[in-house]
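Undergrad: So TrEMBL lists the following for this protein:
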{"type": "COMPBIAS", "residues": "24-41", "note": "compositional bias 'Basic and acidic residues'"}
{"type": "COMPBIAS", "residues": "42-51", "note": "compositional bias 'Polar residues'"}
{"type": "REGION", "residues": "1-66", "note": "region 'Disordered'"}
{"type": "TRANSMEM", "residues": "216-236", "note": "transmembrane segment"}
{"type": "TRANSMEM", "residues": "248-267", "note": "transmembrane segment"}
{"type": "TRANSMEM", "residues": "279-301", "note": "transmembrane segment"}
{"type": "TRANSMEM", "residues": "357-376", "note": "transmembrane segment"}
{"type": "TRANSMEM", "residues": "396-415", "note": "transmembrane segment"}
{"type": "TRANSMEM", "residues": "427-444", "note": "transmembrane segment"}
{"type": "TRANSMEM", "residues": "450-474", "note": "transmembrane segment"}
{"type": "TRANSMEM", "residues": "486-506", "note": "transmembrane segment"}
{"type": "TRANSMEM", "residues": "521-541", "note": "transmembrane segment"}
Amino acid sequence: MRFFTRKKSSDDPIVSDGGSFESRTLDRTEGTLEKHEERVDVNSSDNSGTRADSDKEPSDLEDQMEFEESNPFLDPFIAEHYRQKYEACNYECREAFDPHLQWTRKEDKKVMRKVDKRAILSACIMFFALQVNRGNLHEAVADNLLDDLNMDTNDYNLGNTLNLVAFLCAELPSQIISKAIGPDIWIPIQICCWCAVSTCQGALQDKTGFLICRVLIGLFQGGFIPDMVLWLSYFYKSGELPLRLWGFWTALALTQTITSVLAYFILRMRGVGGLTGWQWLFIIEGSFTFLIGVASFYLMVPSVVQTRNKLHPKGWFTEREEKIVVNRILRDDPNKGGMNNRQALSFKAIRGAIMDYNLWPIFAIGLLAYIPMSTVQPYMVLAMKDLGFSTLDVNLLTIPSHILQIIFMLAVTLFSEKIDERGFTCLSLPIVTIPFLAAMRWWPGTMEDAWLTWFFVTMVLSAPYIHAMCVAWVSRNSNSIESRSVCSALYNMFVQAGSIIAYNIYREDDLPKYRRGNEQLFGIMIGLLPVILFAKGFYVWKNKKRDEVWDTMTDDEKQTYIAETTDRGNKRLDFRFDH
């Protein structure tokens, strides 16, 4: 998220820091700016929990001045405007809102370590439960699930397609429910439901039961990711989310690694109790993750100021720490207090988010970007078995791709934030993927040379995973709590639509080398290049057009616009898109 700023001089009391709201919003009138420094000196002595200046070390004063410089609420006009807004919507953290609160960098780091320990760790545990039950079908297929249920590749495709259709259809309703009752209640319910169904897959007897279970799992899992992203946004600034989301999707890759190792041992239980190995896999993993669902009712909390429960009787934070977390978030994006955490989305807000064409370029990227990974991954175990690897070896051979994916995802996410660049960084995915897809399509040894085929497939699956970066990109460019929740769901719906396409690219009549399918994947990645470049150019153009309008306005006109405009979210003239 980026707002326009005028060129500042060394005398300006407010200095943009790139990640703060002040770096993304318009400076007020010159008279207002000249009064900022005076207000800081006058008000700082009145703040509770703030030490007197004479007691502070020089480093503390520098740290606090840095936080003051990134505080848009030092302008009384802005502070009062948002105070009234928070009261009107009954924002749950409104009592902790303090325009003049000061804290040191040391305090900031301490409280964020605590947030990471609580929020991110909890999110990763719950994401583990999601991925175990999304991914164990691949391991089950390696243990002859298709033959045991009298199914073929097309039946497998149908099950995956129905799962994704159900997943996609549940995305938006899940967001609506989550906003109405709170993600801290809805997410644990989702986990318990899909884990119960996943456990029941251990009793599958035929194709019909298989298809029903895939649909139910998709319905309950749909919306989990945007719901979780919404919950995490309660605790983090917009610039902090991408790296935290990397940790979120790292849990995915780690889960795949862990489950591959577990599957190696569980599948050897074939014959125990008269059950197959894949039946034991569903029963054991489903039951274990159901316990995670129950624990999630205590792992999750409604908000920063509502963290006390049976698991945490004293809460996550002290009263001062609560204020620090709340105010650092609001100073980064004051609009995060525009709704309370038990406020349902209106039909108007949902319709507005759906029709927000400003986010469609990122949705298009989400539709195409992950099709090769989603196509190749389910068939990796089948392809490796056809090349002569054993069932147990196949599961172990998937581990390197998971580890490499973690490394590349971290590298691309850190690089993107380091240079403050989204569009060009996204190009890393097709650039890395295209050569290996070309080899899989036109190299004569595909599906004949076992180890080179494994290498090509592994590299396709290891390509820089830009999903975390794009999710944060959508969040930043939404610029309102209403559109952020809906647009996160819409983005994930496009990703799932891409997965539906992916599950229907490799077909029975294209066996064994999937030449036609690999050529289609190659073409999709070639097509992704101009889509990413268009997204980059579109946001640059939109920002330039808004600059032209804004620069013609007087300071009084700008002040009036900020106070009275009916434009919302990314439609505001003072908003600038990240690209």
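Cβ from N, Cα, C; glycine included.
Please treat TrEMBL annotations as automatic predictions, because they have not gone through curation.
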Undergrad: If I count Cβ-Cβ pairs under 8 A between the transmembrane segment (427-444) and each of 248-267, 357-376, 396-415, 486-506, 521-541, which range comes out on top?
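TA: Answer, by Cβ pair count: 521-541.
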Undergrad: Should anything in the same chain at least six residues away from the transmembrane segment (396-415) have a Cβ under 8 Å from its Cβ atoms, list it; otherwise answer none.
TA: 242-243, 245-246, 249-250, 253-254, 256-257, 260-261, 264, 380-381, 384, 389, 425, 428, 432, 454, 457-458, 461-466, 468-469
Undergrad: Relative to the transmembrane segment (357-376), which of 216-236, 248-267, 486-506, 521-541 accounts for the most Cβ pairs at distances under 8 Å?
TA: 486-506
Undergrad: For the transmembrane segment (216-236), what are the same-chain contacts with Cβ under 8 Å, counting residues 6+ beyond its ends?
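TA: Here the qualifying positions are 115, 119-120, 123, 126-127, 130, 133-134, 162-175, 177-179, 183-184, 186-187, 190-191, 193-194, 197-198, 244-245, 248, 300, 303-304, 325, 329, 336, 341, 471, 475, 484-485, 488-489, 491-492, 496.
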Undergrad: Take the transmembrane segment (248-267) and find every residue of the same chain, 6 or more past its ends, with a Cβ under 8 Å from one of its Cβ atoms.
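TA: Non-local partners: 120, 123-124, 127-128, 131-132, 135-136, 139, 142-143, 228, 232, 277-278, 280-281, 284-285, 391-392, 395-396, 398-399, 402-403, 405-406, 409-410, 465, 467-468.
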Undergrad: By Cβ distance under 8 Å, which residues at least 6 away from the ends of the transmembrane segment (279-301) in the same chain are close to it?
TA: 118, 122, 125-126, 128-129, 132-133, 136, 139-140, 143, 183-185, 187-188, 190-193, 195-204, 231, 259, 262-263, 266-267, 269-270, 272-273, 307, 309-312, 316
